[in-house]
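According to TrEMBL, the feature Zn(2+) 1 binding site maps to B:H87, B:D98, B:H194. According to TrEMBL, the Zn(2+) 2 binding site annotation covers B:D98, B:E133, B:H387. The domain 'Peptidase M20 dimerisation' annotation in TrEMBL covers B:215-314.
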Protein chains: 2
Amino acid sequence: MTDTPSNLQIQSDRLWGAILETAEIGGTPKGGVRRLTLSEEDRIVRDWFRKACEDAGCTVTVDALGNMFALRPGRDPSKAAIGLGSHLDTQPTGGKFDGILGTLAALEVLRTLNDAGIETDAPLCVANWTNEEGSRYAPAMMGSAAYAGDFTVENILARRDGEGITVGEALKTIGYDGPDAVGTQKFGAFVELHIEQGPLLEAEAKTIGVVEHGQGIIWYDGRITGFESHAGTTPMPLRRDALATFSEIVLAVERIARELGPNAVGTVGEVTIANPSRNVIPGEVSFTCEFRSSDSDTLKALGETFAAAVKDIGSHRPRVEIDLEIVWRKEPTHFDPKIISAVREATEALGYSNRPMVSGAGHDACNLNQIMPAAMIFVPCKDGVSHNELEDATQADCAAGANVLLHTVLALAGVAKAA
Amino acid sequence: MTDTPSNLQIQSDRLWGAILETAEIGGTPKGGVRRLTLSEEDRIVRDWFRKACEDAGCTVTVDALGNMFALRPGRDPSKAAIGLGSHLDTQPTGGKFDGILGTLAALEVLRTLNDAGIETDAPLCVANWTNEEGSRYAPAMMGSAAYAGDFTVENILARRDGEGITVGEALKTIGYDGPDAVGTQKFGAFVELHIEQGPLLEAEAKTIGVVEHGQGIIWYDGRITGFESHAGTTPMPLRRDALATFSEIVLAVERIARELGPNAVGTVGEVTIANPSRNVIPGEVSFTCEFRSSDSDTLKALGETFAAAVKDIGSHRPRVEIDLEIVWRKEPTHFDPKIISAVREATEALGYSNRPMVSGAGHDACNLNQIMPAAMIFVPCKDGVSHNELEDATQADCAAGANVLLHTVLALAGVAKAA
């Protein structure tokens with residue numbers, strides 16, 4: 001009877017093979033992945049993931065929002081499961097690591113424990129959360145958000161994509177409208193491995209980011225209503241140009257984020273002109289925008305300054321109406337000190353260079369941290385690029401992250417003495 | 001044997017009925033029309049128009065670009081036909097008068113002459129020009145532009161719509177890839193009736209606009225290349241935001257047209273973000289824009305000032321690349337004094353209030369004026385609104401315009417002495 005050997009390592013080639021194999025599902029010519037949540041590609045990768053977890057001896061359950069849970073029993077049934085995992089959906093032109101690394105590394109942790117014949121005290125539960133990306137449906141991270149109680153399940157099921165298809169309908173279509181109530185699977189803690197999606201680890205040549213905080217986010221949906229008219233015959237002073245108004249908003253978002261930075265970003269990511277034509281003044285424009293900061297006061301200032309700027313734009317363009325709705329607001333995340341320590345100790349025990357980090361992106365672990373102790377592990381990605389087909393990470397860094405995940409969850413779950 | 005009676009009038013109810021009948025073809029719930037060029041709806045209205053012209057005793061021919069010509073013989077076969085007509089295609093959400101009034105009023109002129117048993121010296125030829133609107137294919141007015149020699153037929157046939165379908169393919173699909181070479185049907189002059197698409201006639205309570213000039217136009221296609229990256233993790237100073245760059249261009253177009261006005265307009269009508277997502281910084285944006293003026297020097301200044309502004313935007317956003325291509329440039333039109341006089345004399349003989357006008361929009365007659373004497377007749381439209389489902393005009397004004405068209409073409413064609 002011995003403790004888990006401290007030099008226990010995941011199988012780097014097996015993890016890398018799983019990443020490359022699933023990258024074919026929705027793979028793009030440029031080496032990225034297009035696997036929108038609840039699409040046919042998402043169904044295929046979910047089926048792959050379910051089978052892999054079952055082959056690893058897990059029981060896989062699915063809740064009413066399609067969140068998937070692969071449970072590996074522990075020795076002590078009274079202990080809550082230690083959660084690990086991430087998401088398998090991608091951006092419309094995303095990469096093969098964002099979310100995927102964390103989910104497949106969690107699977108690799110189970111496979112490694114199986115190979116070594118190690119049983120944990122607490123059960124382990126690998127999760128694949130529905131719609132982390134938020135591209136097809138808002139809000140992002142909706143599966144974990146509903147799990148954490150930020151939204152009701154009914155609210156989420158009724159959300160529609162650009163074609164009017166509800167989440168509920170999409171779940172039925174791919175057969176992932178699971179029987180379990182959201183929240184049925186409980187966790188004692190949650191650890192998520194992810195690529196950094198930013199430039200810092202690479203720039204400082206650090207292998208592991210010990211994530212202590214996550215940015216707060218405000219998401220807006222906007223609509224500008226002017227009046228469609230002929231581009232040749234409508235004099236400039238009589239125009240009610242929704243696109244020119246929109247353009248002032250875009251530049252205001254950029255200016256405000258710069259002025260309130262460096263701990264602030266602001267982005268307009270989407271715009272649609274209703275009935276666009278080359279020789280018609282745009283009469284109706286819809287768009288999305290967002291601000292982020294890891295500091296609560298800065299996030300508040302971003303929202304207030306933006307509201308004032310929009311009001312000012314509206315007042316000097318009185319013939320155009322601007323409607324702005326906050327569709328999601330999340331305060332900055334401060335991860336649990338105990339889980340952060342477990343990540344740092346595992347990292348140092350394994351001898352990896354590391355630094356504390358703030359997550360620029362939102363993650364399922366940020367939602368879960370509201371109702372359970374959680375933390376995250378980051379590994380570098382090439383040039384800090386993510387949400388892009390060119391997203392890249394090295395096999396060695398992915399393996400390092402998976403090893404830190406392995407030893408973090410072992411420490412949290414407790415290692416049963418093996419016979 | 002008598003001259004044509006000066007009080008000869010078209011049948012207002014028959015013209016109005018034809019407008020309402022064809023408005024059903026592609027009719028929208030809001031009372032507008034969606035009849036994109038070379039679509040199935042365009043085929044149906046073309047078939048309707050062909051039959052109506054044949055029923056009125058005309059021979060209908062179609063050229064290689066789908067331009068339709070309904071010829072009513074004259075007494076003197078040595079004389080070139082006097083052309084009248086406009087177009088039957090519409091904007092994506094257009095109205096039921098733009099183009100349609102001029103084409104159906106021309107048909108009504110033939111019907112009126114038939115009823116009255118009047119033969120003209122010169123033949124009359126009613127034209128329906130392909131793709132005046134330019135919404136599905138650029139350039140606008142492509143049928144008359146190729147007829148006037150601004151483009152080769154091959155160039156136009158190879159143009160593609162947003163789905164990659166060429167003009168040649170679309171013509172074949174609807175069966176309007178006609179056997180005649182473009183230019184086979186000759187004209188001695190051309191007169192086009194159209195709604196004003198601007199506010200002046202209504203504001204001044206004038207019935208008829210005697211159009212003397214048309215605006216020159218520059219059309220651009222633009223593309224901005226930055227870099228897609230994560231909206232949460234990419235610091236503001238490191239961004240290569242194509243949409244923020246685009247927004248500066250939109251506001252420059254607006255500012256330049258205002259500064260060089262009042263005889264100047266500038267519009268950005270279309271924008272598309274490649275792979276848009278709420279939490280991705282736009283990396284690639286494509287757009288269209290245009291300037292117009294009836295003054296050649298002002299048009300030149302608009303183009304030069306805009307080029308300088310774009311260069312300036314590029315220089316303070318060096319991490320983003322801006323490509324701007326002029327896809328069409330047309331100098332201002334100065335209509336033929338003889339045809340303008342014929343319009344004015346017919347208007348005054350009929351007793352309609354009138355004023356000289358500049359056309360803010362481009363029209364087929366502007367193209368044709370390059371190779372034959374041409375002019376236009378305008379009637380008021382409600383609130384100056386066009387390229388909009390709310391486009392409206394009164395039955396009385398439409399009839400007045402058709403009467404002016406009738407007497408203008410009679411004067412130009414010469415009235416044979418009836419037995």
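Think of each number as a place in line: the chain as shown, counted from 1.
Placed from the backbone N, Cα and C atoms, the Cβ positions cover glycine too.
Heads up, TrEMBL stuff is auto-annotated, nobody curated it.
Overlay of TrEMBL feature records on the structure.
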{"residue": "B:H87", "record": "Zn(2+) 1 binding site", "DSSP class": "coil"}
{"residue": "B:D98", "record": "Zn(2+) 1 binding site", "DSSP class": "coil"}
{"residue": "B:E133", "record": "Zn(2+) 2 binding site", "DSSP class": "coil"}
{"residue": "B:H194", "record": "Zn(2+) 1 binding site", "DSSP class": "strand"}
{"residue": "B:H387", "record": "Zn(2+) 2 binding site", "DSSP class": "coil"}
Subject >> Zn(2+) 1 site, defined by B:H87, B:D98, B:H194: further same-chain residues with Cβ within 8 Å of the Cβ centre >> reply: B:S86, B:F97, B:G99, B:I100, B:L101, B:G102, B:T103, B:E132, B:E192, B:I195, B:H363
Original post:
Just counting, how many other CB atoms are there within 10 A of the CB of B:D98 (Zn(2+) 1 binding site)?
Top reply: 28
**OP:** Whole-number Å only: compute the distance from the Cα of B:H87 (Zn(2+) 1 binding site) to the Cα of B:E133 (Zn(2+) 2 binding site).
**Re:** 9
Original post:
Sequence gap of 6 or more, C-beta under 8 Å: which same-chain residues meet both conditions with respect to B:H194 (Zn(2+) 1 binding site)?
Top reply: B:S86, B:D98, B:G99, B:L101, B:G102, B:S359, B:A361, B:H363, B:M376, B:I377, B:F378, B:V379
Original post:
Near B:H387 (Zn(2+) 2 binding site), which residues of its chain come within a Cβ-Cβ distance under 8 Å, counting only those 6 or more away in sequence?
Top reply: B:Q91, B:G94, B:G95, B:D98, B:Q197
**OP:** Taking chain A as the partner, extract the binding-site residues from B:H87, B:H194, B:H387 whose Cβ is under 8 Å from a partner Cβ; order them by sequence and answer 'none' if none remain.
**Re:** B:H387
Original post:
Around B:E133 (Zn(2+) 2 binding site), which residues of its chain at least 6 apart sit with Cβ under 8 Å of its Cβ?
Top reply: B:L36, B:T37, B:H87, B:D89, B:T90, B:Q91, B:G94, B:D98, B:G99, B:A140
**OP:** Express the predicted model's confidence over the domain 'Peptidase M20 dimerisation' (B:215-314) as a mean pLDDT, rounded to an integer.
**Re:** 96
**OP:** May I have the DSSP-based helix, strand and coil counts for the residues of the domain 'Peptidase M20 dimerisation' (B:215-314)?
**Re:** 40 helix, 33 strand, 27 coil
Subject >> Number of Cβ atoms other than its own within 10 Å, given for B:H87 (Zn(2+) 1 binding site) >> reply: 29
